[in-house]
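Trainee: This is the structure I want to talk about, given as structure tokens.
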Amino acid sequence: MLYAACGGTQRGISFNDLLCGLVLITRGTQAEKTKFLWNLYCNDAGTFIIKSDYVRNVNLAPFESVSLFAQSERVNFEQFQDWIIKHRNATVLSKWLLSDNCVSLTSELETPTFYQSLAGVTHLEEKDIGDLEKEFWRLKNTSQNGQIDLQFLGPLISPPIPKNALAGLFNAFDENRDGHIDFKELCCGVSAACRGPGVERTRFCFKIFDVDRDGVLSHDETLQMINVLLLVAKENQESQQYKDLTKQLVISDLLEFGQRRSPDGTPSKLTRDNVSLTAEDFMLWTVQCDLRLMQPLLDLIFELCHIVFGLWPQCKHMENDIVRGWLRREERRPYRVGQFWYLITHDWWLSWMQYTQHTTHTCDYCKRTASQRTAVDEALVCDESFNTHSLEQHDSYSLGSGTGSASGSGSASSGISAGRHCGPVRPGPIDNSNLITANPFRNVRTLTGEGGHLKRDTPLVQNHDFELVPKSLWKALNRWYGDNLPLPRQVIQPPNSDVELELYPLNLRILLHQAQPSQTGVGGGTQLGSWGSTVSGGYGVLASGGGYAAIAVSSVLQPPKRYLAYTAAFSRLATVRQVGEFLCEQLRLKSEDIRLWHVPQLDNGAILLEEDAMCLKELLIRDNDQLLLEIRNKDLTWPEELGSLATAQCGQGAGTPGDRRRLTRSSIMSVHAPGATGLHNLGNTCFMNAALQVLFNTQPLAQYFQREMHRFEVNAANKLGTKGQLAMRYAELLKEVWTATTRSVAPLKLRFCVNKYAPQFAGGGQHDSQELLEWLLDALHEDLNRVMEKPYSELKDSNGRPDKIVAAEAWSQHHARNQSIIIDLFYGQLKSKVSCLGCGHESVRFDPFSLLSLPLPVENYIYFEVLVILLDGSVPIKYGFRLNSDCKYSHLKHKLSTMCSLPPNLMLVCELWNSQIRQVLNDDEKLRTQSAKELYVYQLPEQSMRTRSNSGLSMHIEQGLKDIQRSSALITSAQDSLSSLSTLQTSSHRASSRVLCNGHVSGLDVEGEAEVGTDVSQCNSNSNYNPIVSTYSGNGSGDNQVHELLPDEAGKVSRCFGKRECMPHSLFCFKESLILSSSPENTFMHGAAAQQKRVSSAKLLHTESNTSSMSYTNHSGENSMESSLTEPIPLADLEPVSSRNGSGGEDCSYRTSPNDSSGLSTGHTLGASLDVDEQAEEGNAEDHDQPDQITTSQPETSSGVYSRRSSQPPHKAGKYLVAVHRKITRHDSYFLSYHKTRPSLFGVPLLIPNSEGGTHKDLYCAVWLQVSRLLSPLPATTEQANHAADCDDSLGYDFPFTLRAVKADGLTCAICPWSSFCRGCEIRCNNDYVLQGALPPINAAASNTSTPKMNAKFPSLPNLEAKRTPEYTASLSYTPTTKYFEDFTIAIDWDPTALHLRYQSTLERLWVDHETIAISRREQVEPVDLNHCLRAFTSEEKLEQWYHCSHCKGKKPATKKLQIWKLPPILIVHLKRFNCVNGKWVKSQKVVHFPFDDFDPTPYLASVPQETILRHKELLELKNDAEMTMATNEVVSELDEIDAPSKEVKEELPNQTGSTKATASPPPTGNILRQSKTKNAVRRQRLISTSLTKTPIVDGEFEDYHQHRLKPDVDQFDPRYRLYAVVSHSGMLNGGHYISYASNATGSWYCYNDSSCREISQKPVIDPSAAYLLFYERKGLDYEPYLPNIEGRTLPNTASVPLEVDETEGELKKLCSIS
């Protein structure tokens, strides 16, 4: 039977069937195995098991046979499933398959999975954890920041959780206080809140109200608790008993409880003004309180964990209570706008109610009443074996209503109703097909998840045709049963109406344009129609969608075709903007690349939806209407615009789509402003449209063409122009723009004219708008040049003549050849001065300009972010700085050294990849921009550094890891690393000082084998070090204590893991050793050393957080850190290694003389009898008089970081090893793999000091020092243990990891040959040496070098000496650093239990941002202003090539300086964002701020016009001050008497000020006057220039060098400009887009984006990083003088111009074709 069930036949069995059968037998779930047994015993139809056939094939006992076929001769699957679960031993196959240890191809307990580890320490089963994981990742993926934090979780659980309890509930889950809930915390919290015993559930509630986590509810916390409990209780369905309950009654009950708790009847300390509860009192009050206020909250949290977090109910009756309780609570709340409710057909709801309400006497949950549930442990499991397999299994088993109906009909035919006796059948997936109508567009993709069209022919009634459930409850039912057709509906609030549920949203058809056939023959319609995605949520909810293929543009204009692409449902209150944004997110489009059109059903035309803020109802869009989604082409053209052009030119119509405007209230009331008309994009012509729009809004030029004055000045004979074509086409387009009533026009004729006369702008590519503008102004000027015949002129050399004469001469010659309105408005004059550095000769030249091209500052800096990882295990710190791109990594080290005070030669700069050190960057390498923000710098150990150290945690390794992990220091540091990272930097100095003052002494810098004497004192009076004596006494418990497993604890072990003999040792120890004990004394030392209770201070070597380097004791000997020999070393054999410090003291660190090294196995230690106070006194009294005393060097502190004195010798880098984190996971393909497990790397590699003579235990201690912050600490006591934090008691006696020797890849062994398939030989935690002098010497010149090498001393690790020859060892001294990593690496193999339960992955890449990060980032993107660019433009620069000096008669070095001599009325500023760098054009994204009003370019004028303006302003201010002085002379008199400085100010004024003494006046006037006189007292320094000496500025004889036509009241010497237009370029160089902003004649600002034109605020927000062209107009400019006088003039003969028009029309018609 088994062979046949697996697919075997007489001809054999296929491999696929055999494999599936083995997987089912070994890995199948209980439900799958039950279904497998059903298929073995059922009939051929697979519907029933016949009693006669079953008894014949299976030898059943009478009892089992009667229990199975008691009601009928045949049973269905549901009946068989219930029976076989209860009688697993009924048959041989069921006993074999359904037992816990059935068949296993590999032992699951060799490497426990994450599920097994969590199941072992929580009240959850492995399947529960798997279900929670699915929901956890779904929630995490929907979060915006990828984390389940309070901001994300709040809207999901509140309501029903009260808002004032939201933070407390979140903190109860967030045990490590990192601000988000990880999966382990979720499982532990759900276990404690739902599956734990009543005591644990109550303790979880206590954590909700204990906000400060001090174990006591303060008065405020107690009042908050009462408010929450009352609010939840009154929302409960059984709220009658809580209806009249008030806050005062609860407080009274608490006071009575406190009185009962008082010993001997003494008065309670609790009062109404001071009500507080301890954790014990809280739990007793919840049990003894008659109010039972805690039960509603417990029920709410119980429901929350099932509904929101994804926990499955343990039985169907529990499911009924959860669903009904959640639904009743939600129904009592009013509708909220935006809330989604889901429709469920009433038939399915009834079947579910019957299934879940059916109770039996066998279910323990059903036997409990509401009053009993508070006293009975709610973690009991229903004996009915509620089927909780996945939704996919439901489908594969073909269960549901169909099976139930078949069973009923069969039973009815035999006269026995099986359904009546076995109970209702589990309902199948939710099927709402009877609520909706048939979809006529079944083959069209739906973008929204509305589910379908509800029936309208028959009215649907709630509670009769359908039921409504909230979104959260629907998701839970969907997880448990599945669904075929969700029907979400949204709550809306129409204007002037109440909220309502919108059952019938608008179902719209979305049309797209059919792609024009390309050369490949693939149309866009097929591609768009083939998109597929899974839609989740309701209509309007985001869903994943495909991309969009850009529509190709045919070279022949023709109307685009439309086709039905999608359907979507939207609320009738949705706005056009919301619809557009939804479609963009669904189809991955940009909002600026789409437009929406309404296509009426009986009309082929389209109406553009311009009103973004109007809703669909206001736009008269009805159900089943059509919306056209227009997608802009790749060349930035709009298909509808091109189609309208084709239609118009072919005679089919004369209007554009924009002509049709919907007559809405806003469109009727709005007036189409003149000039507010867009321009069609004719194929990447945005550069032309933007330039034209700003010229159209240049008011004097616009008036010139609007009045048709150009027709009197067209110069068709000018060969340098376009024969008047451009001027005529430009005028026609300008007139059309300013008089059009349509929203956009097509600049076709002007485009053809530009292509003809400027072929460089032809084609479909993108061009530079500035280049077009410059050509356009020049071509318009030539077409309108009033000079018919240009005279010949030759520009003379300045030859030392005054600038005024040379400039007038140059402008006169230019004006004689060029006279037009373009010259009058846009042209100015630049002064160019070249100074010879050899003789000082100056050559001045004046040239006209139409726009100023200002180069942007190009900074050749690279921004670096470097993460510094220290050896002390502190939180890494990230630094930021900027370096020149030509620098090397040696400069980076020195720059970083100034920030973190870490010596450059103690830095290892490297790049990480895949949790490994990919490459070490040498000092002489040039900086790379690719890894600028991903650099890691490790602190290298000093040559004398020891490894077992951590003063911050006071780590005494002999004390045992259990007590270390429970120490308050570790708990505090672990919490502070998450909750106080923002203050870590500022408090680092205080922490360093505090630790240094605790009396810890660092080790001594000693080389060789030596012994340190006990009489040690300090020789530096300023030293903070005081030697201490650390003692430790064990409690003697050790291994002598044997704890008996309690009965309930044994049941927990049996429930979680089955039989004990199958459990792994570590997990069994955790389950059995539940009572904490201290570690045995000999855990980390040998027996002889264990008898010694005193521990020397020199054994415990400390480093401080953020320490750059310290002096460490260098040990050697058999037991380097456990040696207790006390024979002193002669002080004469020590050599001083540190010089005198600046305070007069001396750092007397000594080293042993190399000549005295005898190679003896001797240790050294400090005496254990020194007193701290005596040592301090001796150090202060005998500072300089004890030359034979030994002390440690004291590093100075600065902001918590040690800084070295300049007098100290350079630090020498020591040897080190690289360690990588590794976890062992079960191999997925265990059938084919040689190994059952596979290693994988994770986290950030470590750098482990490996000094000479170090032991394996030193390696373990050094690793523990750096990884201890990544583990969640064990609670200090068992009373403080949380629900699942104390994961494994066995970890207290050992490190939670194992070190192994591997290769650089971290996966294979570095010792064994590849054929052994070894994953790395274990490095045991003992006192064997790691190194024995086999390493080559460290190259002093290289700072990033190390040569790790291991010499094994135990049999399990072979000796590495056989692999190394002397030649090979010597060569390693000169091998690059990366070579060393290829030989030997340490793999940190984490214990699976510790990795799963205590390792905090969020801390792996946690760092603290140094203040330099913000400073450097700000400097990197620091903006500049327009003045900065103008200063750079007018500053003097040295010429790269030598200049031919006319005076020296040869080439000489020279400088050049540009300045503005004459300002134009319209000043165009060009910001040069496009530059050629190394042969490639790049765009600068530099932020340039520019003024809108009162832009004064005076500082950038040449000296003569600049001094003229400044002197005029100065005299004007003096005149104003004099007038004010005359009016308030009395005030001046009083001020002179009071304030002496005012007298000095008055004496310095010139005589023409006319200041006299005056009487007193009110104080405000006197203050203003005094400030004004003080300001003017400091006379302006007049400009000094050779030009001013030749052209002096005479007061009263000022000359206006700009000659602007201004209005009468405007000062001609106040050249202030206002911004009226901007051209912006967004995107990259080759694929960007131009838009323009302009202010029209009324002062309103408009944004012109091709055919789109919209009004914006008065001062538009323009991206300063995209501004490209700035247009300024002189304030007070009078337009009339610039316009020619045409009175009495006749039009010239322009007969030749219309001929060109006909030619243009002909070219245009060639593009039209009728398809």
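Just so you know, glycine gets a Cβ as well, placed from its N, Cα and C.
Pulled these from Swiss-Prot:
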ACT_SITE  Cys686  active site, nucleophile
BINDING   Asp174, Asn176, Asp178, His180, Glu185  Ca(2+) 1 binding site
BINDING   Asp210, Asp212, Asp214, Glu221  Ca(2+) 2 binding site
COMPBIAS  1171-1180  compositional bias 'Acidic residues'
DOMAIN    677-1675  domain 'USP'
REGION    393-429  region 'Disordered'
REGION    1103-1213  region 'Disordered'
REGION    1536-1569  region 'Disordered'
Trainee: Quick one: of the recorded positions Asp210, Asp212, Cys686, which has its CA closest to the CA of Asp178 (Ca(2+) 1 binding site)?
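Mentor: Ranked by Cα distance from Asp178 (Ca(2+) 1 binding site), first place goes to Asp212.
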Trainee: If I take the alpha carbons of Asp212 (Ca(2+) 2 binding site) and Asp174 (Ca(2+) 1 binding site), what is the distance between them in whole Å?
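Mentor: About 13 Å separates the two Cα atoms.
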Trainee: Could you tell me the C-alpha distance between His180 (Ca(2+) 1 binding site) and Asp214 (Ca(2+) 2 binding site) in angstrom, no decimals?
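Mentor: Pair distance, Cα basis, whole Å: 21 Å.
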Trainee: Expressed to the nearest Å, what is the distance separating Asp214 (Ca(2+) 2 binding site) and Glu185 (Ca(2+) 1 binding site) at their Cα atoms?
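Mentor: Rounded to the nearest whole number, the Cα-Cα distance is 20 Å.
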Trainee: If you compare CA-to-CA distances from Asp210 (Ca(2+) 2 binding site) to each of the recorded positions Asp174, Asn176, Glu185, Cys686, which comes out shortest?
Mentor: Asp174
Trainee: Could you check which of the recorded positions Asp174, Asn176, Glu185, Cys686 is the closest Cα neighbour of Glu221 (Ca(2+) 2 binding site)?
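Mentor: Closest by Cα: Asp174.
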Trainee: If you average the pLDDT over the domain 'USP' (677-1675), what number do you get?
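Mentor: The average pLDDT of the model in the domain 'USP' (677-1675) works out to 68.
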Trainee: Fewest other C-beta atoms within 10 angstroms of its own C-beta: which of the binding-site residues Asp210, Asp212, Glu221 fits that?
Mentor: Asp212
Trainee: Please classify the secondary structure at Glu185 (Ca(2+) 1 binding site) using three-state DSSP.
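Mentor: Going by the DSSP assignment, Glu185 (Ca(2+) 1 binding site) falls within a helical segment, counted as helix.
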Trainee: Please state whether DSSP places Cys686 (active site, nucleophile) in a helix, a strand or coil.
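Mentor: Assignment for Cys686 (active site, nucleophile) reads helix.
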Trainee: Round to a whole number and give the Cα-to-Cα distance in Å for the pair Asn176 (Ca(2+) 1 binding site) and the residue listed as 'active site, nucleophile'.
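Mentor: A Cα-Cα distance of 55 Å.
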Trainee: When you measure from the Cβ of Glu185 (Ca(2+) 1 binding site), which residues in the chain that are at least 6 apart have a Cβ under 8 Å away?
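Mentor: In sequence order, Phe173, Asp174, Glu175, Asn176 meet the Cβ cut-off.
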Trainee: Could you list the residues of the same chain, at least six apart in sequence, whose Cβ is under 8 A from the Cβ of Cys686 (active site, nucleophile)?
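Mentor: For Cys686 (active site, nucleophile), the qualifying residues are Leu636, Gln766, His1633, Tyr1634, Ile1635, Asp1650.
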Trainee: How would DSSP class Asp174 (Ca(2+) 1 binding site) in three states?
Mentor: coil
Trainee: Going by DSSP, is Glu221 (Ca(2+) 2 binding site) sitting in a helix, a strand, or coil?
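Mentor: Looking at the DSSP assignment, Glu221 (Ca(2+) 2 binding site) belongs to a helix.
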Trainee: Work through the binding-site residues one by one (Asp174, Asp178, Asp214) and point out the residue whose CB has the fewest other CB atoms within 10 angstroms.
Mentor: Asp214
Trainee: For the recorded Ca(2+) 2 site, enumerate neighbouring residues of the same chain (Cβ within 8 Å of the Cβ centroid of Asp210, Asp212, Asp214, Glu221, site residues themselves excluded), in sequence order.
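Mentor: Close Cβ neighbours, site residues excluded: Phe209, Val211, Arg213, Gly215, Val216, Leu217, Ser218.
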Trainee: In the three-state scheme derived from DSSP, which category covers His180 (Ca(2+) 1 binding site)?
Mentor: strand
Trainee: For Asp210 (Ca(2+) 2 binding site), which of the three DSSP-derived states applies: helix, strand, or coil?
Mentor: coil
